[in-house]
Amino acid sequence: MGALPFIIFTAIFGVIGIVLPIVAPKGPNRGIVQCVLILTGATCWLFWLCCYMAQMNPLIGPKLHQNTILIMAREWGNQLPVNPEPHH
Amino acid sequence: MANKTQYRQIPTSESQIKKRAKMNPLFRSEEITLCQMFIQPEAAYTSVSELGETGAVQFRDLNTEVNAFQRKFVSEVRRCDEMQRKIRYVEAELKKDGVKIRDCQEVPRAPNPREIIDLEAKLEKTENEIMELSQNAINLKTNYLELIELRHVLKKTQGFFYDENVISTEAMRNNMTQEDATGQGANQGRGRLGFIAGTIQRERVPAFERMLWRISRGNVFLRQAEMDETLEDPETGNTLYKTVFVAFFQGEELKNRIKKVCTGFHASLYPCPSANDEREEMLKGVLTRLEDLNMVLNQTQDHRSRVLHNVSKELPRWSIMVKKMKAIYHTMNLFNMDVTKKCLIGECWVPVLDLHKVQKALSDGSAAVGSTIPSFLNVIETNETKPTFNRTNKFTRGFQNLIDAYGVASYQEVNPALYTIITFPFLFGIMFGDLGHGFIMFAFGFWMVSGERKLGAKKSNNEIWNIFFGGRYIILLMGIFSMYTGFTYNDVFSKSMNIFGSKWRINYNESTIMSNPLLQLDPSSNDLMEGEIYPWGLDPIWQLGTNKIIFLNSYKMKLSIIFGVVHMIFGVCMSTVNHNFFRRRVYILLEFLPQIIFLVLLFAYMVFMMFFKWVLYNPKAIPPHSPGCAPSVLIMFINMMLFKKSPPLHGCNEYMFTDQELLQKIFVFIGLLCIPWMLLGKPLYIMCTRKNNNKVHNGHNGDVNQAMEMTPETPEELAPAAHSESHGHEEEPLSEIFIHQAIHTIEYVLSTVSHTASYLRLWALSLAHAQLSEVLWNMVLALGLKSDDPIKGPIMITIMFAAWACFTLAILVMMEGLSAFLHTLRLHWVEFMSKFYEGLGYVFQPFSFKLILDETDE
């Protein structure tokens, strides 16, 4: 599962940063357009990657308020376990 | 410098120009050549006019030793000045009457020499006509003013004389005996009581009164009344306040004295008959004259405004034509006269791509006057530093200005503006990351860009608006990238969006939740869905967590360092392009290589460890790869530099992989080796080449100049000589080179540390922005949202929303945006550009009518 978003996003930014510059329209500003596209692809991909990898193996978990937890459980369709289950 | 004026064929072949045009126009400044043009004197004016329309050449002053007043075309410039003075006079008259000057639709060309005389005559005629009209108007108005004053005098004195009748009969009774003795009747006595009537400015009245008292020892009786109508001074147009007075006196001598005082006080005297009937008669006469005069005045005013309206249509055209003419003569003053006086010689910088345009302009100029001898253009070789010319369009101009504000690029060095187009808005976005604020900025930028033609046509004097409008494309891109980074930070006005579904689940049962006010989810348990990662951006749960700062700090700090190091490595790599282009390839080995090795082995290694740590340590793993064992990358880096160790926790490893310690030691060792390499490489190399030069190149001074051309055919061996020549290192003593290099090396080594740390501002500003936005929401808008009173609630939310929206715009978008902009600017100027940018050039300033007219408009 973890690889799929990686492939999708790498493909998207690959198209922006590699394919589009190749097919950029001819004209006096072609060089600028190419440079803009390559840099956009590269920077945005790296930015996405950092965010993705930072969450790949989180070392800590979020600390939440009682109310937040209850609202989350209700709003995000997260059924609370009915039976007391040994936790930790 | 014997072969300075060596002529070369102009490269005008189509393929050559096409090849040059294909190059990225912003990558480096354009190739410029020094040209000499020989123009026939009769064709000079039209040729220069054509060149001004083209705007492709920068002329050099060939008469620097000649005083500005002794140049050849001074009289023509004076004529232009005189015409401009007339235009200014007419403009002032138009302004006085409130006639609007319309901008002309099409910009006229500079007038032909023949048309100049016409233009001059027209201007002369217009000026005279307007001056005459003004003089006439003043005369008429003076007349009118006098009549009005007279009317007032006649009206006001009515009352005075009535009062006077009463007073003088009493006085008459008292003096009865005396007057009887002299044999005169009472009526005669009254008749001798003379008077003078007139008007005087109101502020002078008290002094006037006192003076009359003194000269007559109190024997003058003064009556006065303020005029309720305000009058207008015909000459200056100022308002006047006047007072009517009548002075009664006895005796001829006193009358003369009073008259003298009146002239002294600039009082105007009016004849005023003492008899009531006569006065009324006169008043009637005055009134009819006033009516007539009023009609005449209206007619002159109509005529004047008709004349001015006609002029206002023509005036902008004339003004532009005269400005162009003046610019042409100023330019022609820079030219040199040939010894035989048969042609004018000009020297100019021309971009190679525009040479054909210049040639066309010259031939057009000759054709316009039917000159039989064509003007011609020669390209000259030169050692001088050429001007920097980057051809920009409306999109790239803003970015180029950011770079030029730091320093104009040296001739043909790599231009950072090209990369700034994306890196600038992107680094800004890292600091300003908020989808909502980014959208506001984007909307503002989009509005300016989509209406740029309309907004640009309205010329504004508001400096702040002009700055915003000039940077509209920067603002647009900053908005777009802030939206991207904001989406990735999952931050919209400090709230998160749960688009892809949070990957965290609540597995606590109700009783646990009820008994604990705060609970932490555990990534090693089922709380985090197995193998699933929020695909784009931060998981929305972090926004709700009380410990989100800890997580965000770790993430954003790493992010800043990663982008900082990538940005700096990119900058250092740019220097190879310069070394390569300027034929000092040996410096790639002596400067670039140690620099990049130093940066990569120490700082890129740290970046690598960040990524490695993200992959290696896993909440579900057992020690040594459990979260508790994860070492701090920063501490590890410090230990690496200091060859220190910090003891690991029980069951953990100090290092992330085997042989890490050895590898780090090797890296540090090589990194340290790079320092003497940087320090000594270049000076030693220069020392060696100098020795060789002295031995081998003694008789070959001419070659040096040719090598300067940097054409591809230049043999490789000449390059070092060219370099040392172009930088004037030939004269620089070796000790100085060593000192320079030492400073340079220390600066670089220290800067890698300080610049890397400096990129942490990305994290700091981003954190500050997010926190400020959150505080604003909680302290302002939340107050409105939380009130549940059915009547007070809507009012509260309206007020609070207004306050929140104002603060969001003023503080979070404007102020924070400005601060993030300045920090981004600094990151580019200092951290990025210091790695490769010299910035010692000067701007190519073409002789262009368009630029001249734009300048004078402001």
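Backbone N, Cα and C atoms are what each Cβ position is placed from, and that goes for glycine too.
Curation does not apply to TrEMBL; its annotations are automatic.
According to TrEMBL:
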COILED    B:116-143  coiled coil
TRANSMEM  B:418-444  transmembrane segment
TRANSMEM  B:464-487  transmembrane segment
TRANSMEM  B:559-577  transmembrane segment
TRANSMEM  B:589-612  transmembrane segment
TRANSMEM  B:662-680  transmembrane segment
TRANSMEM  B:795-815  transmembrane segment
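Counting only same-chain residues 6+ beyond the ends of the transmembrane segment (B:589-612), those with a CB under 8 A from a CB of the stretch are 558, 561-562, 565-566, 568-569, 572-573, 575-576, 579, 633, 636-637, 641, 656-657, 664, 667-668, 670-671, 674-675, 677-678, 681-682, 685, 748-749, 752, 756, 835. Of the candidate ranges B:418-444, B:464-487, B:662-680, B:418-444 contributes the most Cβ pairs within a distance under 8 Å of the transmembrane segment (B:559-577). Long-range Cβ contacts of the transmembrane segment (B:662-680) within its own chain (Cβ-Cβ under 8 Å, at least 6 residues beyond either end) map to 590-591, 593-595, 597-598, 601-602, 605, 640-641, 643, 741-742, 744-745, 748-749. Same-chain residues lying 6 or more positions outside the coiled coil (B:116-143) and placing a CB less than 8 Å from one of its CB atoms are 79, 83, 86-87, 89-90, 93, 232, 234-235, 293, 296-297, 300-301, 303-304, 307-308, 311, 314, 318, 321-322, 325. Regional average pLDDT for the coiled coil (B:116-143) in the model is 89.
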